[in-house]
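Undergrad: Shown below is the structure under consideration.
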Amino acid sequence: MAKRVAIVGAGVSGLASIKCCLEEGLEPTCFERSDDLGGLWRFTEHVEEGRASLYKSVVSNSCKEMSCYPDFPFPEDYPNYVPNSHFLEYLRMYANQFNLLKCIQFKTKVCSVTKHEDFNTTGQWDVVTLCEGKQESAVFDAVMVCTGFLTNPYLPLDSFPGINTFKGQYFHSRQYKHPDIFKDKSVLVVGMGNSGTDIAVEASHLAKKVFLSTTGGAWVISRVFDSGYPWDMVFMTRFQNMFRNSLPTPIVNWLIAKKMNSWFNHANYGLIPEDRIQLREPVLNDELPGRIITGKVLIKPSIKEVKENSVVFNSSPEEEPIDIIVFATGYTFAFPFLDESVVKVEDGQASLYKYIFPAHLQKPTLAVIGLIKPLGSLLPTGDTQARWAVRVLKGVNKLPPSSVMIQEVNTRKENKPSGFGLCYCKALQSDYIAYIDELLTYIDAKPNMFSLLLTDPHLALTIFFGPCTPYQFRLTGPGKWEGARNAIMTQWDRTFKVTKTRIVKESPSPFASLLKLFSFLALLVAIFQIFL
């Protein structure tokens, strides 16, 4: 009899988890508290309790070739950076393609997940749900939690002296939907993550004045990177990842700073990060430098004091009149349906082995999927997490002893960044390629570069030097996708299809053959170093 798996949430990770369960012959039941799938990517005019919220203009920060599910490319006529409405439609297509809707119970809230009375023997869970006022309880062999980390706003008002005296309007960025509220107002956005920067830029088109307050600065990059290519298709390659990981940290930091400043000098715009030893993820925004240089956005340091109708910034004695304050200060996360004895969240971190499994459970029958913030898309990350997790839940793959897992979790906690402006989400960050490769190794699905070099050198070169697109993650092993090779070899065709809307003649490069030869030799050297 197939094992029954309860999946909490029908967002991007929940959908991947349903599919992975079906692939392994398990029986998934997904509980979604809202009336539709999509999670974060489903825009609504009003904020819904327990669900991530986004503003109308949100566009993906990862391009379509880097942010799709590994066995389901975006339609080729989609723009390279996908608006939220297109993204939601893509998720609907994914659910229909793999017949996932039959496994989802909508308008069903998970009230509690507790250990069954014989958990130490069976590993089973009691799941209590509420649907249209009716409460039900069922026993499941395993549970996959896919609720994400963007539902509980982090609003540290105690860090802003005088905020209680402010007579204007203030709210967390989670409440933001449209820029109309900023028309002819003086606006202050606190926090320079992607959301804070987006909101400041949007506000600057309508507001009287916009201030963007940042504690530590940030590197800002455009979606349009070298030679007009999508930033992540240039930046995120196996070759570059190996190169960065093989150099001393100061050199890597210097190289990254040089690259970041190639668009504009961050120091001249008051943006250069104060802590250049501990690199923060870059902020993606195509307009910010232009808004700053035209005086539409003013970069300010942290807030010293909030007054009735104004704000005083650190290192600046002047009071700046303010009508609206938007706190883009990030999120915390919690599992209200789980007891602390199952997953304890402390100081913004959960004791999860590889960001997935509670390290102390007697039976590895509960997995958390998507509670991670890679410098890359969550779709392929969640899919890879789910593939491994499902095989552990099924009993095909085994976890290390609890003591080993706890030690690794504790080590990660000790290395956690700290300080206001980093928020709890920083504790969830990981090295995208290295992390996914590690999980792929556990299920024997990591591409074997040496073998590919001998059997399919063209593919090997493309995988190593080209963008690390998700198709690589289902090239081999359990859940292998037969279309993976073709998707890899045609990834640039789909990228340019939506930009080359006017045909132009191109001259062939005389150096193309030499470049291919150099790439082949470089790959040989890299593989030789790996096997030394």
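Cβ atoms are placed via backbone N, Cα and C, with glycine included.
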Undergrad: For the FAD site that Swiss-Prot describes with GLY9, ALA10, GLY11, VAL12, SER13, LEU40, TRP41, ASN61, SER62, which of these is also annotated: GLU23, GLU32, GLU49?
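TA: It is GLU32, as the record lists it for that site.
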Undergrad: Name the secondary structure element type, per DSSP in three states, that contains SER13 (FAD binding site).
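TA: The residue in question, SER13 (FAD binding site), is helix (DSSP, three-state).
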Undergrad: So what's the mean pLDDT when you look at the topological domain 'Lumenal' (2-510)?
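TA: That stretch averages a pLDDT of 93.
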Undergrad: In which DSSP state, out of helix, strand and coil, do we find LEU40 (FAD binding site)?
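TA: LEU40 (FAD binding site) sits in a helix per DSSP.
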Undergrad: For ALA2 (N-acetylalanine), name the DSSP secondary structure in the helix/strand/coil scheme.
TA: coil
Undergrad: Whole-number Å only: compute the distance from the Cα of LEU40 (FAD binding site) to the Cα of ALA2 (N-acetylalanine).
TA: 31
Undergrad: Rounded to a whole number, what is the top Cα to Cα distance in Å among the residues the record ties to FAD, namely GLY9, ALA10, GLY11, VAL12, SER13, GLU32, LEU40, TRP41, ASN61, SER62?
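TA: Max Cα-Cα spread across the FAD binders: 26 Å.
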